């Protein structure tokens with residue numbers, strides 16, 4: 001009888017075609033969960049791998065279609081492509097969709113490493129029962145029964161889903177939810193290593209505790225931003241920041257707290273302490289996925305928050321970013337020299353690369369038709385860094401001894417004679433990390449340094465070049481060890497990989513060379529992606 005007085009109920013306006021790649025990955029993750037319940041254990045691993053890989057391939061195809069269908073828009077005096085979608089929750093724009101494509105490619109390569117079963121006697125790198133103590137009767141029983149944690153595939157798909165949403169979130173609440181969706185599966189997967197179980201579980205616990213603290217800081221910053229602007233949407237926060245109608249103390253506190261959460265995810269100093277232990281202890285395929293995917297999603301989210309929401313307050317936050325960039329480059333490069341474990345060395349290398357990426361970000365250069373912008377330079381750098389990182393960790397899985405992966409650098413002596421292909425590929429990735437000409441890493445560093453220089457911040461560029469020279473030392477040291485140092489004892493043991501790991505190494509090596517010699521197409525893609533849409 002009161003229906004006439006009730007307002008009409010309208011459904012949310014969701015552009016499903018624009019977010020179809022996210023929906024595809026969601027479907028793959030949910031289907032993987034059902035596979036765990038419905039498919040017999042003996043067939044589960046292959047089915048899970050197939051579901052994850054097919055889902056990523058389908059999402060890659062749809063992402064290309066979404067990018068081609070984006071409409072050009074004008075905003076803030078700078079051109080962009082895309083639109084705000086799902087009732088303001090997501091910004092499906094050029095940089096965001098390019099980030100989707102990068103994340104999906106990184107996930108595809110990582111999933112192939114997940115599916116490798118030749119290195120552990122027909123089993124994967126993931127333990128059968130994580131609760132069993134190493135060397136216990138329970139572990140032996142699980143190994144004999146060929147029990148594996150096949151849940152890693154849907155877990156990784158859920159993490160990928162979180163990364164994709166995180167990179168395109170247009171409101172802070174959605175961004176926080178995405179942060180937790182991408183983080184929680186990674187916390188769990190870090191503790192599932194088949195070998196060195198206690199080290200793996202220690203890494204998972206450290207990552208969980210420190211990640212939880214960083215999430216609290218981020219969420220508190222979100223609350224303060226809402227108190228300042230009265231909205232979670234980045235565009236409305238930008239309007240409030242430009243007008244400066246609220247308390248500057250509240251604004252600065254919000255910026256600082258959210259920066260803590262985001263800088264933690266990219267391993268920037270002083271929020272980097274988790275990185276070496278987690279990279280060393282986690283299963284190496286998970287380390288590869290995390291190193292490439294999490295850093296990419298977090299960096300794009302960092303750019304989106306600070307360029308869109310806090311773009312009107314650049315002189316409030318940019319000096320701090322300059323300092324963090326310098327300290328991150330310095331510490332990452334110097335501490336890497338002292339490392340004797342290859343995975344810890346790559347972890348500190350990752351920290352140094354975060355500093356180089358922050359150089360491009362700190363310049364905050366919007367770009368012109370003939371000069372690369374900060375956003376475009378960071379996208380290109382993330383591309384070449386992610387590819388080389390996955391390739392390097394793929395090789396780490398193949399250098400082995402009786403205890404599993406031989407990660408101590410002394411075991412890599414003489415690798416050039418034992419396996420010229422693996423040693424040559426690893427040397428190529430090291431040269432790319434160092435930024436040597438004719439590699440993709442050189443073009444990546446040129447891009448971020450060029451953006452900072454064009455923005456007028458040449459001191460950062462000078463420091464970045466000097467730190468690149470320092471970092472080159474430990475990369476070249478590994479090359480000398482592999483090719484010009486006699487092996488200790490019998491030398492390194494090389495596992496024979498399946499076609500999966502071989503494909504990953506060959507593809508990443510080829511991409512590293514191609515993007516170094518012919519960077520134009522990827523640079524054009526990054527530049528034509530435009531700016532963030534608000």
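Backbone N, Cα and C define each Cβ position, glycine as well.
When TrEMBL is compared with the stretches 45-67, 68-90, the one noted as transmembrane segment is 45-67. It is 175-193, from the ranges 118-136, 175-193, that TrEMBL records as transmembrane segment. Counting residues 6+ beyond its ends, the transmembrane segment (456-484) has Cβ neighbours under 8 Å at 322, 325-326, 329-330, 332-334, 336-337, 339, 342, 345, 349, 352, 355-356, 359, 362-363, 409, 412-416, 423, 426-427, 430-431, 433-436, 445, 448-449 in the same chain. Two recorded stretches are said to be in contact when at least 3 C-beta pairs lie under 8 angstroms, sequence spacing 6 or more; the transmembrane segment (45-67) and the transmembrane segment (378-399) fall short of this definition.
Highest Cβ contact count with the transmembrane segment (205-229) among the listed stretches 152-169, 175-193, 249-266 falls to 249-266 (criterion: pairs under 8 Å). Where the transmembrane segment (152-169) meets the stretches 97-115, 175-193, 249-266, 378-399, 496-518, the count of C-beta pairs under 8 angstroms peaks at 175-193.
Against the transmembrane segment (378-399), the recorded stretches 97-115, 420-444, 496-518 differ in Cβ pairs under 8 Å, and the greatest number is found for 420-444.
Among residues of the same chain six or more beyond the transmembrane segment (420-444), those with a C-beta under 8 A of the stretch's C-beta atoms are 349, 353, 380-381, 383-385, 387-389, 391-392, 395, 398-399, 468, 471-472, 475-476, 478-479, 482-483, 494, 505, 508-509, 511-517, 519, 523.
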